[in-house]
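What Swiss-Prot records for this protein:
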BINDING   GLY10, PRO11, SER12, GLY13, SER14, GLY15, LYS16, GLY17, THR18  ATP binding site
Amino acid sequence: MTVQIITIDGPSGSGKGTLAAKLAAYYQFHLLDSGALYRLLGLSLHKHDLLEKLDSHLDECVNYARQLNIKFETSAEGTLVFLDGEDVTQTIRTERVGEYASKVAAIPELRQALFERQRAFAQTPGLVADGRDMATSIFPEANAKIYLTASAESRAERRVKQLQGMGLDAKINDILANIQARDKRDMEREVAPLKPAGDAYIIDSSELTIDQVFKLMVDYVNSRTVSN
């Protein structure tokens, strides 16, 4: 049986995670949050004092990537994420760990180590894959390819609200600077830079609600022969 694959790529804070989860629930597909994998690897390398030694200890870092002890659990509150048995669901969503992930994602050998791990998520009846290079690198054969973007300013405002909702302190200027720096790093890296696939459906969510974007996505996905 052919596995239907929907990819959602785009920059940090564009709403990919929320919409990918909604699509996965709507179509009853599996869900891959590839950003969580990079955040988990970045956090693990930081805990083992390897994040600042990526160049000199690359082989060791690659081994950590291949043996990463992670688990995803679906609960009433959403998806819980565990690293080495510890619940790190909120920890990996902090700006600090986002920076770790961006550093890790810039290393070709670490991206390759996570490649097969991501491919393994493609199981029947289908998969919604959320990330930066899902359509361009990991699942180029995807049935439906979406590139979700928004202005840096609107993404910063959303991120501040998200962090404040988690009880964390957040300053708009700091968040905006971080987003702009990550955009630059993600778009300029040598391997799998952030960009839409040539056949991607591009949505700018700057002035749209989650429900409006979701409807656009469902209409597009259905037009690509993925049926509910």
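Each Cβ is built from the backbone N, Cα and C atoms, and glycine gets one as well.
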Largest tally of Cβ atoms lying within 10 Å of a Cβ, found at which of the binding-site residues SER14, THR18: SER14
Per DSSP, three-state class assigned to THR18 (ATP binding site): helix
Secondary structure of SER12 (ATP binding site) (DSSP, helix/strand/coil): coil
Cβ neighbour count (within 10 Å, all chains shown) around SER12 (ATP binding site): 21
Other residues, Cβ within 8 Å of GLY10, PRO11, SER12, GLY13, SER14, GLY15, LYS16, GLY17, THR18 Cβ centroid (ATP site): LEU148, ALA150, ARG155
Under 8 Å by Cβ from LYS16 (ATP binding site), same chain, sequence gap 6 or more: ILE8, ASP9, GLY10, GLY35, ASP130, GLY131, LEU148
